[in-house]
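See below for the structure under consideration.
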Amino acid sequence: MKNEGEKEGLNISRCRVCKPGSTLINKTGGWRNFRPVYIYEKCTKCGICHIVCPDMSVKPRENGFFEYDYDYCKGCGICANECPADAIEMILEEK
């Protein structure tokens with residue numbers, strides 16, 4: 001008899017760890033509907049976007065600004081919502 005994990009195709013058994021969804025080999029940015037874009041003229045380099053990103057797709061640059069790794073950004077908009085300077089705009093993703 002198959003356990004619940006095997007029924008779903010996961011083959012989960014005791015003492016195993018499931019692979020996480022956001023890893024270097026599991027690029028998760030391909031299904032987003034909106035893309036965050038920086039407005040560098042407004043950015044104060046506070047780093048809140050970097051701190052709140054659940055996928056760690058906001059990367060610091062040498063000049064103090066930040067950039068997105070769009071391979072992993074899911075477009076959740078948390079960075080834009082939390083930015084105190086309104087320096088991040090969510091734009092419709094072009095497919």
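We count from 1, first residue shown onward.
Backbone N, Cα and C atoms are what each Cβ position is placed from, and that goes for glycine too.
Features reported for this protein in Swiss-Prot:
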- 34-63: domain '4Fe-4S ferredoxin-type 1' (DOMAIN)
- C43, C46, C49, C83: [4Fe-4S] cluster 1 binding site (BINDING)
- C53, C73, C76, C79: [4Fe-4S] cluster 2 binding site (BINDING)
- 64-93: domain '4Fe-4S ferredoxin-type 2' (DOMAIN)
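Annotated features taken from Swiss-Prot, shown on the structure.
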residue: C43; record: [4Fe-4S] cluster 1 binding site; contacts (Cβ under 8 Å, 6+ apart): F65, F66, A85, A87
residue: C46; record: [4Fe-4S] cluster 1 binding site; contacts (Cβ under 8 Å, 6+ apart): P84, A85
residue: C49; record: [4Fe-4S] cluster 1 binding site; contacts (Cβ under 8 Å, 6+ apart): V58, F66, C79, E82, C83, I88
residue: C53; record: [4Fe-4S] cluster 2 binding site; contacts (Cβ under 8 Å, 6+ apart): C73, I78, C79
residue: C76; record: [4Fe-4S] cluster 2 binding site; contacts (Cβ under 8 Å, 6+ apart): P54, D55
Note to self: So if I draw a 10 Å sphere around the Cβ of C79 ([4Fe-4S] cluster 2 binding site), how many other Cβ atoms end up inside it?
What the structure shows: 25
Checklist line | Neighbours of C43, C46, C49, C83 excl. site residues, C-beta within 8 Å of centre, [4Fe-4S] cluster 1 | finding: T44, K45, G47, I48, F66, C79, P84, A85, A87, I88
Checklist line | Shell list ([4Fe-4S] cluster 2; ref centroid = CB of C53, C73, C76, C79; cutoff 8 A) | finding: P36, C49, V52, P54, D55, S57, V58, Y68, K74, G75, G77, I78
Next item on the list: Average the pLDDT scores across the domain '4Fe-4S ferredoxin-type 1' (34-63) and report the rounded value.
Entry: 96
Margin query: When secondary structure is assigned with DSSP, how many helix, strand and coil residues does the domain '4Fe-4S ferredoxin-type 1' (34-63) contain?
Written below: 5 helix, 8 strand, 17 coil
Check: Near the Cβ of C83 ([4Fe-4S] cluster 1 binding site), how many other Cβ atoms are there if near means within 10 Å?
Finding: 21
